[in-house]
Amino acid sequence: MKFAVIGNPISHSLSPVMHRANFNSLGLDDTYEALNIPIEDFHLIKEIISKKELDGFNITIPHKERIIPYLDYVDEQAINAGAVNTVLIKDGKWIGYNTDGIGYVKGLHSVYPDLENAYILILGAGGASKGIAYELAKFLKLKLTVANRTMARFESWNLNINQISLADAENYLAEFDIVINTTPAGMAGNNESIINLKHLSPNTLMSDIIYIPYKTPILEEAERKGNHIYNGLDMFVYQGAESFKIWTNKDADINSMKTAVLQQLKGE
């Protein structure tokens, strides 16, 4: 079977390394490549994918929303998130999924077993935040809180959550068991500070969905304060495993995928 990841730029993507490691571990001769498709060429997506004879593909920045009009069907999670990161091509039909939310939550559950009883704050209200929020809301016993700079961003949400400003979030930080940053602040080349951690409780798990850099400024600050931290590496690995399951109906080798990504990040 043939797979790929599409984006622009795409040369930095670790998806090929991760998926190939999984294929090798499972003894599969499947292939996975990175395809750079600029925005101005995206209208040719059907033609490009058809020529490659792909069975499925991942989509990353900046095409996660742009792909939707080209799909024959979009699953509920992707509709809720307003973004697609996985496409299955079956019987000529393109089916869109979003595995980011379930990928993050599966990873988080592995480091925070009592997740159901946690009081959680999500920073940011974009597509990534939405996907994670919908997944968490399925089983959390306490109402989820989401903070954003502008309240207008919540107009497209139809989830029963506490909506607060980032300024209010700073004041109430001590109340939360887990704080999750879903904004681009801290991504390589972006040193913007999203929130002041002055009131962060020492017992709070500070998380970020970014994994490059391995420790974002907000994670470094929380770690200096003595907090446990959790980056986005597991989310990346688990969302990839979920994509593989959608494409092949097989379980991925999580350990081989994570090891391959870690080796790449360490420059091995």
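Glycine residues also receive a Cβ, built from the backbone N, Cα and C atoms like all the rest.
If you check Swiss-Prot, you get these features:
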- Ser13, Leu14, Ser15, Thr60, Asn85, Asp100, Tyr211: shikimate binding site (BINDING)
- Lys64: active site, proton acceptor (ACT_SITE)
- Glu76, Gly124, Ala125, Gly126, Gly127, Ala128, Asn148, Arg149, Thr150, Met151, Ala152, Arg153, Ile209, Gly232: NADP(+) binding site (BINDING)
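Swiss-Prot feature annotations superimposed on the structure.
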residue : record                 : DSSP class
Leu14   : shikimate binding site : coil
Asn85   : shikimate binding site : coil
Ala125  : NADP(+) binding site   : coil
Asn148  : NADP(+) binding site   : strand
Ile209  : NADP(+) binding site   : coil
Largest CA-to-CA spread of shikimate binders Ser13, Leu14, Ser15, Thr60, Asn85, Asp100, Tyr211, angstrom: 17
Max CA-CA distance, Å, over listed NADP(+)-binding residues Glu76, Gly124, Ala125, Gly126, Gly127, Ala128, Asn148, Arg149, Thr150, Met151, Ala152, Arg153, Ile209, Gly232: 27
Asn85 (shikimate binding site) CB neighbourhood, other CB atoms within 10 A: 29
Using Cα positions only, nearest of the recorded positions to Ala152 (NADP(+) binding site) (Ser15, Lys64, Asp100): Lys64
In three-state DSSP terms, the structure that Thr60 (shikimate binding site) belongs to: coil
Per-residue Cβ crowding (10 Å cut-off), top of binding-site residues Ser13, Ser15, Thr60, Thr150: Ser15
Ile209 (NADP(+) binding site) versus Leu14 (shikimate binding site) - Cα distance in angstrom: 15
Least Cβ-crowded entry, counting other Cβ within 10 Å, from the binding-site residues listed as Ala125, Ile209: Ala125
Between Thr60 (shikimate binding site) and Ile209 (NADP(+) binding site): CA-CA distance (Å): 14
Closest of Glu76, Ala125, Asn148 to Tyr211 (shikimate binding site), Cα positions, binding-site residues only: Ala125
Binding-site residues (Glu76, Asp100, Ala152, Tyr211), the one with most neighbouring Cβ atoms at 10 Å: Asp100
Additional residues surrounding shikimate, by Cβ distance to the Ser13, Leu14, Ser15, Thr60, Asn85, Asp100, Tyr211 centre under 8 Å: Val5, Asn58, Phe236, Gln239, Gly240
Shortest C-alpha distance to Lys64 (active site, proton acceptor) - which of the binding-site residues Ser13, Ser15, Ala125, Gly127: Gly127
Around the Cβ of Lys64 (active site, proton acceptor), the count of other Cβ atoms that are within 10 Å: 23
